[in-house]
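*Asks:* Handing you this structure, nothing more for now.
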Amino acid sequence: MKTLILVVIALMVIEVKSDGYLMVRAGREKGCKIWCVINNEYCDKDCKLKGGNYGYCYFWKLACYCEGLPTSSPDIWTYEKNTCST
């Protein structure tokens, strides 16, 4: 029983991370993915500024992809948040 309680407490303490495309949150391109061609350094820097672990330029999608962002981060692009073409 003590082990079960310990496991439950440990799961509550562990922070859940998620991966996804970085999103522009202001200006003319608000709601769009942050685009790139081959600039891994820019994507990595921007990812880390937003609380992620590692970012890179996903060449086939021409967008910055970030790994290890907090799940509650508003910087993760989703279809629901896509206001790029409006």
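Positions of Cβ are set from backbone N, Cα and C atoms, glycine also.
Pasting the feature list from Swiss-Prot:
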SIGNAL    1-18  signal peptide
DOMAIN    19-85  domain 'LCN-type CS-alpha/beta'
DISULFID  Cys32-Cys84  disulfide bond
DISULFID  Cys36-Cys57  disulfide bond
DISULFID  Cys43-Cys64  disulfide bond
DISULFID  Cys47-Cys66  disulfide bond
*Asks:* Within 10 Å of Cys36 (disulfide bond), Cα to Cα, which of the disulfide-bonded residues Cys47, Cys66, Cys84 are there?
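*Replies:* Final answer: none.
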*Asks:* Here the disulfide-bonded residues are Cys32, Cys47, Cys64; which one has the lowest number of other Cβ atoms no more than 10 Å from its Cβ?
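*Replies:* So among Cys32, Cys47, Cys64, the disulfide-bonded residues given, the one with the fewest Cβ atoms within 10 Å is Cys32.
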*Asks:* Using all protein chains shown, find which of the disulfide-bonded residues Cys57, Cys66 scores highest when you count other CB atoms within 10 A of its CB.
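*Replies:* Sorting the candidates by Cβ neighbours within 10 Å, the top entry is Cys66.
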*Asks:* Just how many other Cβ atoms lie inside 10 Å of the Cβ on Cys36 (disulfide bond)?
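*Replies:* Taking all protein chains shown, Cys36 (disulfide bond) has 22 Cβ neighbours within 10 Å.
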*Asks:* Which entry in the list of disulfide-bonded residues, Cys43, Cys84, has its Cβ near the fewest other Cβ atoms, using 10 Å as the limit?
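*Replies:* Sparsest of the disulfide-bonded residues Cys43, Cys84 by Cβ contacts within 10 Å: Cys84.
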*Asks:* Between the disulfide-bonded residues Cys32, Cys57, Cys64, Cys84, which lies closest to Cys47 (disulfide bond), Cα to Cα?
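*Replies:* Given the candidates Cys32, Cys57, Cys64, Cys84, the nearest one is Cys64.
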*Asks:* For Cys84 (disulfide bond) and Cys64 (disulfide bond), determine the Cα separation and express it in whole Å.
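*Replies:* Per the Cα atoms, Cys84 (disulfide bond) and Cys64 (disulfide bond) stand 15 Å apart.
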*Asks:* Need this for a regression test: disulfide-bonded residues Cys32, Cys43, Cys57, filtered to those with Cα within 10 Å of Cys66 (disulfide bond). What's left?
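*Replies:* Within 10 Å Cα-Cα: Cys43, Cys57.
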*Asks:* For Cys64 (disulfide bond) and Cys32 (disulfide bond), determine the Cα separation and express it in whole Å.
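*Replies:* Rounded to a whole number, the Cα-Cα distance is 11 Å.
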*Asks:* If you measure Cys43 (disulfide bond) to Cys57 (disulfide bond) at Cα, how many Å is it?
*Replies:* 6
